[in-house]
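Per Swiss-Prot, the features are:
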BINDING   HIS100, GLU102  Zn(2+) 1 binding site
BINDING   HIS107  Zn(2+) 2 binding site
COMPBIAS  153-167  compositional bias 'Basic and acidic residues'
DOMAIN    52-162  domain 'sHSP'
CARBOHYD  SER162  O-linked glycosylation site
MOD_RES   MET1  N-acetylmethionine
MOD_RES   GLN6  deamidated glutamine
MOD_RES   SER45  phosphoserine
MOD_RES   GLN50  deamidated glutamine
MOD_RES   LYS70  N6-acetyllysine
MOD_RES   LYS99  N6-acetyllysine
MOD_RES   ASN101  deamidated asparagine
MOD_RES   SER122  phosphoserine
MOD_RES   ASN123  deamidated asparagine
REGION    1-63  region 'Required for complex formation with BFSP1 and BFSP2'
REGION    144-173  region 'Disordered'
Amino acid sequence: MDIAIQHPWFKRALGPFYPSRLFDQFFGEGLFEYDLLPFLSSTISPYYRQSLFRTVLDSGISEVRSDRDKFVIFLDVKHFSPEDLTVKVLEDFVEIHGKHNERQDDHGYISREFHRRYRLPSNVDQSALSCSLSADGMLTFSGPKVPSGVDAGHSERAIPVSREEKPSSAPSS
C-alpha cells in the first residue's frame, strides 16, 4: 500500500486558503504585498511563516468581559464615525452594525461594512445600557448586572453611540 506524504511546504503555501482564516475579523484594512502574492511569501524558505500574532493584533477583534457587576464589549471600529454605527438590543442580543459608503482614500475608493451580534447575559439591566466611541476608535458597550431574581427588562431598543474626546482605556490584546 502506498501512502502519500505531503511536504509541510505545501500546507504553508496554501495557508491563506484554509478555512482557519474564514473567521478573521478584518474590517477592511489595507492590503499588504504578501496578501496579494501569498505563494511567493511562503516560497522564500520552507521555514518562513508569517506571524499570526501581528495579524490578530491588527484585525479589529472584539473583547467581551463579563464581571460580577457589569458586562462590557470592546470593539475596534477605527474606520467608522458614530453616524456610521448602529447599536440595537433585540431581546437577549446586542447587534452592532457599521457601514460607510464608498469614499476615496490613499489607494483608491473603499467601502466598509460589518455586523456583530453578542448574547447578553440574562442578568444585565437593559434599561441602563450605554455605548461610547473613543477618540482612537474603540467602541465600548456596557451595562450593569442586577442581582439574581430581579427583572432585567427585555425589549427592543436602539442605543445611541456617544463620542468621547479621550483615547480608550481598553486593554490592548
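Placed from the backbone N, Cα and C atoms, the Cβ positions cover glycine too.
The recorded positions near LYS70 (N6-acetyllysine), taking a 10 angstroms Cα-Cα threshold over the set LYS99, HIS100, ASN101, GLU102, SER162, amount to none. Residues in the domain 'sHSP' (52-162) partition by DSSP class (helix H, G, I; strand E, B; coil) as 12 helix, 61 strand, 38 coil. When the recorded positions LYS70, LYS99, HIS100, HIS107 are compared by the number of other CB atoms within 10 angstroms of each CB, HIS107 has the fewest. The most crowded of the recorded positions listed here (ASN101, SER122, ASN123, SER162) is ASN123, judged by how many other CB atoms sit within 10 Å of its own CB. The Cα atom of LYS99 (N6-acetyllysine) lies nearest to that of HIS107, taking the recorded positions HIS107, SER122, ASN123 as the candidates. In sequence order, TYR109, ILE110, SER111 constitute the residues six or more apart from GLU102 (Zn(2+) 1 binding site) in its chain with CB-CB distances below 8 Å.
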